[in-house]
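Engineer: Just passing along the structure, written as structure tokens.
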Amino acid sequence: MTIPAFGLGTFRLKDDVVIASVKTALELGYRAVDTAQIYDNEAAVGQAIAESGVPRNELYITTKIWIENLSKDKLIPSLKESLKKLRTDYVDLTLIHWPSPGDAVSVEEFMQALLEAKKQGLTREIGISNFTIPLMEKAIAAVGADNIATNQIELSPYLQNRKVVDWAKAHGIHITSYMTLAYGKALKDEVIARIAAKHNATPAQVILAWAMGEGYSVIPSSTRRENLASSLLAQDLHLDAEDKNAIAALDCNDRLVSPEGLAPAWD
């Protein structure tokens with residue numbers, strides 16, 4: 001099963017806000033939803049999905065294992081808890097949200113526990129998030145590249161993460177981009193605005209289309225119906241070589257997500 005190119009993110013959305021966002025998105029035609037244990041919204045996402053009436057087999061649900069649940073005795077029980085909250089027997093994709101700080105739990109231990117969850121049918125696919133090249137090497141050594149469906153990383157026009165992307169691609173690991181719009185900062189960029197005007201599109205559509213054109217999956221979030229609908233249209237926008245070169249030139253290694261005590265030594 002391939003990871004959908006386009007999905008809904010739910011980071012920082014909770015309770016009624018996330019329920020409304022997910023229900024609206026599903027109504028508009030979204031079929032992939034990304035959540036995580038630490039977002040504290042899995043139960044709300046599960047409720048929204050249940051109330052939407054969309055059949056489970058049409059959906060692609062992703063969750064992520066938090067660092068406190070990485071040890072082999074905690075990972076599977078924590079995932080079962082997530083499934084209960086999400087009101088489903090399985091998720092389509094489970095990611096390791098962040099590598100274990102200070103290597104408290106080895107990559108080998110948590111990747112093998114995650115692979116066991118896959119063997120038990122709790123998750124269809126497994127993957128990683130916020131992994132550097134040395135960490136990807138360890139993950140591959142633990143479970144094989146064939147078992148790593150994606151590396152979900154911060155990736156925007158300002159942080160194009162080429163080194164990690166190229167290494168992942170060379171080893172057959174798909175990339176999912178989060179923070180694709182750089183917290184909305186990239187929406188104000190003059191270069192993006194120019195490309196948007198040229199295509200009669202919005203800046204958000206241009207950035208999402210650029211990322212998908214590079215082969216990445218995207219998971220933008222919004223609480224507004226018009227933005228959710230507008231973002232969907234990015235799938236129909238195709239940028240030309242001139243546009244792509246202009247966006248490539250915006251890369252300035254501007255990383256926005258690097259929590260102290262959690263972030264690895266970035267490549």
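Each position is counted from 1, following the chain as shown.
Just so you know, glycine gets a Cβ as well, placed from its N, Cα and C.
What Swiss-Prot shows for this protein is this:
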{"type": "ACT_SITE", "residues": "Tyr39", "note": "active site, proton donor"}
{"type": "BINDING", "residues": "His97", "note": "substrate binding site"}
{"type": "BINDING", "residues": "179-231", "note": "NADP(+) binding site"}
Engineer: Determine, to the nearest whole angstrom, how far the Cα atom of Glu214 (NADP(+) binding site) is from the Cα atom of the residue listed as 'active site, proton donor'.
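Structural biologist: About 28 Å separates the two Cα atoms.
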Engineer: For Ala186 (NADP(+) binding site) and Tyr39 (active site, proton donor), what Cα-Cα distance in Å is obtained after rounding to a whole number?
Structural biologist: 24
Engineer: What are the non-local neighbours of Ser221 (NADP(+) binding site), defined as same-chain residues 6+ apart in sequence with CB under 8 A from its CB?
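Structural biologist: Those within reach of Ser221 (NADP(+) binding site), by Cβ under 8 Å and sequence separation of 6 or more, are Leu8, Gly9, Thr10, Phe11, Arg12, Leu13, Ser21.
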Engineer: Just going by other Cβ atoms within 10 Å, which of the binding-site residues His97, Ala193, Ile207 has the emptiest spot?
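Structural biologist: Candidates: the binding-site residues His97, Ala193, Ile207. Fewest Cβ atoms within 10 Å: Ala193.
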Engineer: Can you grab the distance from Leu228 (NADP(+) binding site) over to the residue listed as 'substrate binding site'? Cα atoms, rounded to a whole Å.
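Structural biologist: Counting only the Cα atoms, the answer is 25 Å.
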Engineer: Take the C-alpha atoms of Ala193 (NADP(+) binding site) and Tyr39 (active site, proton donor) and report the distance between them in angstrom, rounded.
Structural biologist: 32
Engineer: Measuring Cα to Cα, how far is His97 (substrate binding site) from the residue listed as 'active site, proton donor' in Å?
Structural biologist: 11
Engineer: Report, in whole Å, the straight Cα-to-Cα distance of Tyr39 (active site, proton donor) from Ile207 (NADP(+) binding site).
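Structural biologist: Each residue's Cα considered, Ile207 (NADP(+) binding site) and Tyr39 (active site, proton donor) end up 25 Å apart.
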Engineer: Does DSSP put Glu214 (NADP(+) binding site) in a helix, in a strand, or in coil?
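Structural biologist: Going by the DSSP assignment, Glu214 (NADP(+) binding site) belongs to neither helix nor strand, so it counts as coil.
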Engineer: Taking only the Cα atoms, work out how far Tyr39 (active site, proton donor) lies from Met179 (NADP(+) binding site), in Å, as a whole number.
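Structural biologist: Between the Cα atoms of Tyr39 (active site, proton donor) and Met179 (NADP(+) binding site), the distance comes to 15 Å.
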